[in-house]
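First comes the structure, then the notes that go with it.
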Amino acid sequence: MTFMAIEIPEFIVPFVPWIRGTVGLVLVGAIFLGGMAAVWIERKLSADIQLRYGPSRVGKFGLLQLVADAIKLFTKEDVRPGNADRFLYDNAPVFMLTSLFLMLVAIPVGAVFIDGNLYPLAVTEMDISILFIEAVSAINIFGIFMAAYGSNNKYSLLGAFRNFARMIGYEVPLGIAIVSVAVMTGSLNIIDITSAQGSFVWNIFLQPIGFVVFFIALMADLGRLPFDQNESEEELVAGWVTEYTGMRFGLVFFAEYMHMILGSFLVALLFLGGWNVPAFVANNAVLGLIAPTGILLLKTVLVLMTIIGMRWAVPRFRIDQVVDMSWKKLLPLSLLNLAWAVGLGLYLGA
């Protein structure tokens, strides 16, 4: 049997889907634990930037602070506004987490090399996985609308309107940047896009403009500084999450950090070579099992730390500046990059 152009011994054939799916699910569970780790990383990194200690009293390096925060969230009173729409208010966090679950189905979270052959670790493999990821990530906005409208609060609704304006403007260049990578590779499968980059010919070098456009648009999609106009504390209290407390707030908070981690994975897979390692590593019996996933996770953590560090490096933009930048700067740059990708793809294909 041939699997992804790889010859697989016949006795393994019946177990290939189960092995990949099981390992993929285990890594997906590990990524959820990574959502908690991302909170600790942000606290420590922010403290380092501000010349503070950060969490240091609860356990070694403050690691048990996460447990303390979880206990606090579990024990806080869950207050629902009296005039809220119960169905929309209660189900908005679940809707947002569902979007993240669907993204995790298609994103490969690692890979192994056995006898030099590549075996990506993903729950499933889709020929149009990159379009699927883009589509299900965009439906997160409906969860935000449900939370804002269901809260029946003016600050929540104003925060959601700002979120709509920002996401409409930045989803377009984000999508074009993804299409540019797919056009040059000749595939909509994120596994093929990652594998095509090889060990050193990463898309960040072939499409530097596309990388800049994608990263800025991703930051806007995440709603991180300088693009957090939807929850600017000085103007809108907490934006569309103003009325959320207890575990419902915890779910929204967790979804935000999970979105950050998945966005970091996409940057690493699409532009930074993903799991690709030199041939001598791939052909090594031990390193081929460990190094690819380790390299991908290292790149993901570095991207995550960059996103977190941006919070303290740049000031918040006004909402009109954000909208102007998307339509007047990023959109033309993304179209220019698309033309470059088409030409480069034709040249490399020739």
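Yeah, the Cβs are placed from backbone N, Cα and C, and that goes for glycine too.
Here is what Swiss-Prot records for this protein:
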| type | residues | note |
| --- | --- | --- |
| TRANSMEM | 21-41 | transmembrane segment |
| TRANSMEM | 94-114 | transmembrane segment |
| TRANSMEM | 128-148 | transmembrane segment |
| TRANSMEM | 173-193 | transmembrane segment |
| TRANSMEM | 200-220 | transmembrane segment |
| TRANSMEM | 261-281 | transmembrane segment |
| TRANSMEM | 288-308 | transmembrane segment |
| TRANSMEM | 330-350 | transmembrane segment |
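Across 94-114, 173-193, 200-220, 288-308, 330-350, the stretch most heavily in contact with the transmembrane segment (128-148), judged by Cβ pairs under 8 Å, is 94-114. With a threshold of 8 Å between CB atoms, the same-chain residues lying at least 6 positions outside the transmembrane segment (330-350) that come near it are 170, 172-173, 176-177, 179-181, 183-186, 206-207, 209-210, 212-213, 216-217.
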